Structures are given as C-alpha cells and as structure tokens.
Amino acid sequence: MKILFRIRYVLFMVSLTILLYGILRPESPPNLFNQSDKLMHVFAFLGFSLITRFAFCCRKFVWLALFLSAPSLEFLQHYVQITRQFSWADVAGNLSGLVCALVVWKIILKESVEKNFNKN
C-alpha cells in the first residue's frame, strides 16, 4: 500500500511541476492556432485534476481546492511573471478542464461501483 501512495504522490508532484511551469513561465505558449492556449489550459487542468484526485482519493477537499486553484494560479501568474497577464478566458479554460475531469472521475467511479456490485 505504501508503494501505491508513493507512486500517486510522485505523479502528483510531476503534474504540479508541469502545470506550474506552463502557467508561470516567462513567455506565453506558442500560438498553434487562434486561441490555442485556451485549449492548452483545458487539457492541462483536466490532466492535473484527474491526477490530483487519484493522488488524494481519500480526501474530500480535493475538488474544492482545485476549483479555488484554477483562478488563483491565473491571478498569480501576472505577479510572478510581469510579462504575463491575467485572462478571464484562461480561467474559463482552467475551470472547463476541471469540470471535464469531474465528469470523467464520476464516470470512472460509477463504472467501478457497478463492476464491484455485479461481482457480488
């Protein structure tokens, strides 16, 4: 059981590092197409939220903490890197990724419960 906790913790730390690098780096991400950075925000928070929920599966506060971090990290970005700016569209992207992760998590949870229920 300890090894599973360590794996989950390492996954969380790696994903947190990648997320913070992406949000707090000095330059904006490359613009692959119009507003592509918004899509990057969605996918970044989708992945980060799922990994965080997996890492802290026994904690009830996880979704609330993620919900609060979505706008907070975007707000913090301008103060850490003066060349970056706060964007409500980026906050919307972060929150969209979080909502997608919540839906995916509920589907996974439902499938898991049904599988265990049908097993008995």
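Using the three backbone atoms N, Cα and C, a Cβ is placed for every residue, glycine included.
Because TrEMBL annotations are produced automatically, they should be read as predictions rather than curated entries.
Database features (TrEMBL):
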type	residues	note
TRANSMEM	7-24	transmembrane segment
TRANSMEM	39-56	transmembrane segment
TRANSMEM	61-80	transmembrane segment
TRANSMEM	86-109	transmembrane segment
Among 7-24, 39-56, 61-80, which stretch has the most Cβ pairs under 8 Å to the transmembrane segment (86-109)? 39-56
Same-chain residues at least 6 beyond the ends of the transmembrane segment (61-80) with a Cβ under 8 Å from one of its Cβ atoms are 19-20, 23-24, 45, 48-49, 52-53, 86-87, 90-91, 94-95, 97-98, 101-102
